[in-house]
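For reference, TrEMBL has these:
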- 17-132: domain 'Acyl-coenzyme A oxidase N-terminal' (DOMAIN)
- THR138, GLY177: FAD binding site (BINDING)
- 278-439: domain 'Acyl-CoA oxidase C-alpha1' (DOMAIN)
- GLU424: active site, proton acceptor (ACT_SITE)
- 480-656: domain 'Acyl-CoA oxidase C-terminal' (DOMAIN)
Amino acid sequence: MEEIDHLGHERSKIEFDVEAMKIVWAGSQRALEVSDRISRLVASDPIFRKDDRTILSRKELFNTTLRKSAHAWKRIIELRLTEEEASRLRFYIDQPAFMDLHWGMFIPAIKGQGTEEQQKKWLPLAYKMQIIGCYAQTELGHGSNVQGLETTATFDPKTDEFILHSPTLTSSKWWPGGLGKASTHALIYSRLITDGQDHGVHGFIVQLRSLDDHLPLPGITIGDIGIKFGNGAYNSMDNGVLRFDHVRIPRDQMLMRVSQVTREGKYLQSDVPRQLVYGTMVYVRQTIVSDASCALSRAVCIATRYSAVRRQFGSQDGGPETQVIDYKTQQNRLFPLLASAYAYRFVGEWLKWLYTDVTQRLQANDFSTLPEAHACTAGLKSLTTSATADGIEECRKLCGGHGYLCSSGLPELFAVYIPACTYEGDNIVLLLQVSRFLMKTVSQLGSGIKPVGTTAYMGQVEHLMQCHCDVQRAEDWLKPSVILAAFQARAARMSVACAQNLSKFSSQEEGFAELSADLVEAAVAHCQLIVVTKYIEKLQQAIPGKGVKEQLAALCNIYALSLIHKHQGDFLANGCITPKQASLVNWQLRSLYAQVRPNVIGLVDAFNYTDHYLGSILGRYDGNVYPKLYEEAWKDPLNDSVVPDGYHEFIRPMLKQQLRTARL
Ligand SMILES: CCCCCCCCCCC/C=C/C(=O)SCCNC(=O)CCNC(=O)[C@H](O)C(C)(C)COP(=O)(O)OP(=O)(O)OC[C@H]1O[C@@H](n2cnc3c(N)ncnc32)[C@H](O)[C@@H]1OP(=O)(O)O
Ligand SMILES: Cc1cc2nc3c(=O)[nH]c(=O)nc-3n(C[C@H](O)[C@H](O)[C@H](O)COP(=O)(O)OP(=O)(O)OC[C@H]3O[C@@H](n4cnc5c(N)ncnc54)[C@H](O)[C@@H]3O)c2cc1C
């Protein structure tokens, strides 16, 4: 039977080259080819099915994690997949697993903090999956405050070993993914003690389980921390708890790139900054920004396709009702999210470049850009994950009642995504790091140190403090220079105001504590400026394909103007724009919505997601929503029997009881 494309009329209206846009989204023709091939490979393999995840018990779900991970590894070997292809495979399998931490944190930590010798010893084992590693930093009592960790690693010069110990209940490692059941090894972040002296937190490679029978090694207590938010979702991951009772490891298992302990027990600090111990977090925060664009684009794809299928009200003379996507309120909620997905994609690409650049500099002992890399990764991780978590929930609401069904894919996506606001650094704690960096930048302005990189705009602070926005007509808001000037003036004025207020306190620390809410807002303004700037820079590059650049430019304007609208309090209070200019933003936004409206299905098709990856009946490529929703309902285990199992025990006696009462 020929399949009907229920979104065909929408696709016939598209004014740009969707195939060319797919390349822009993927990053290159080759990246698109790899993504396309691997996503189809996953979609066609029954072991990777995921439509039953929300009804599996925890044990069954974890078992599918193990099965999928083992099968993925088998396919990686059989097909000789490259590192990039293997990473795409894990991405499209779309089930949080211990493998994410093994490849995403354990290996990068050894690469970043291990000496050459240590890398030579451990990396081949990890690459061949002969050991499984996790990243165990957080404890029951401390997560954000890394310096407050309590686990100790005390050097014993007699045996040339470290003794790992958990001195208190709150020092139990708590949360690490993969720790609970799968990992054989962990990177343990622990206080280093030599000769009675505490040198702060350092990383150690520790074997946890036997490589023969997977039993915990002597002195180790280990398990899973329990069920997490939502059905399915992050429960496929074995987040774990771990305690050490005087566990001994050889001295060479302390990661020694940043500092070393000699055979005699002498502590040596190299000229590498100690913050490199936190390097893995910088790496992962950078990947989380790109992941945000994936999660948001996925929710937006579902909500956009469904909004084009769904009709409510407006029928005249028995004609069709209005597609809900044509309601301006729907557009005003949905299109900025679509624009954000693209914006995060591009800022994620840039952040990847920044990270590669800082890594190369670090290898050449140039540490000058590390503070900026830390501020950018921390701030953008925070900004994009918070907006994505909120955006997924907005997409659920945009889909009305059906969005609440698990078969819409949105509840599980939300549940699996929201911890991104917490892991790899609580979003508020990270924004406070950005504001510290900003305050330092402002305090150095008069000293001759020229701000560079993402804070270069602060170099024109005198101009930014008094400039006026050059908008007379709504169309003026389309000029990149006007948008940039408004965002720069807002960010600069908010940071300078914070700096001025801080100077009124007797100590910097007291001021920071008292003004932390304002400081967080200044950090958000700075991070939004980065996203807008990087999007505008992207548009300055050559982008081939009919109409592609025009659509991307329209989305860039939607992203920037919707932020000005949302944060108009900041822009108005700091005198960056006038009330009249704020109202012109809305006029321009409406016009932009009309411009992208015929193209939105093309703009979400460009994500090139398979129906398997989307995992949503509402977001199906063919838009055949109602028959499939109807069909799906009958698959629910409750519908296995017409009369429910508890009928005779509970319903019938109740009904009979009521009958007797009624007769009385
Ligand atoms: C293909 C990839 C797939 C990836 C798949 C991954 C899947 C993800 C799954 C999720 C797994 C989750 C894992 C985790 O959550 S791991 C645990 C993460 N924990 C955190 O993020 C803790 C957050 N806390 C911190 O980062 C720090 O402790 C904090 C920054 C808050 C430190 O504050 P504090 O004021 O105490 O700072 P310090 O005294 O320690 O340091 C001060 C100076 O150091 C600078 N700094 C801080 N962090 C960094 C860094 N990472 N890099 C560089 N520099 C850093 C800080 O700015 C200070 O500088 P100044 O002295 O100049 O002001
Ligand atoms: C799903 C998931 C997976 C994880 N995986 C891992 C892993 O693999 N390995 C690992 O080591 N850890 C992991 N973690 C732990 C994670 O990194 C921490 O939970 C995270 O860093 C936040 O720390 P916390 O839990 O101590 O939060 P807290 O710091 O206790 O935060 C609680 C509240 O206090 C606020 N707060 C804290 N400090 C400040 C401050 N200075 N100023 C203002 N407000 C503040 C926060 O904003 C928040 O609202 C994971 C966590 C989750 C949820």
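Cβ atoms here come from the backbone N, Cα and C positions, even for glycine.
Taking CA atoms as the reference points, GLU424 (active site, proton acceptor) and GLY177 (FAD binding site) are 12 Å apart. When pLDDT values are averaged over the domain 'Acyl-coenzyme A oxidase N-terminal' (17-132), the model yields 97.
Cβ neighbours of THR138 (FAD binding site) (same chain, under 8 Å, six or more residues apart in sequence): LYS173, TRP174, TRP175, PRO176. Within the same chain, residues at least 6 positions away in sequence whose Cβ sits under 8 Å from that of GLY177 (FAD binding site) are PRO96, PHE98, ASP100, LEU101, CYS134, TYR135, MET237, ASP238, ASN239, GLY240. All protein chains considered, the CB of the residue listed as 'active site, proton acceptor' has 24 other CB atoms within 10 Å.
Secondary structure from DSSP puts the residue listed as 'active site, proton acceptor' in coil.
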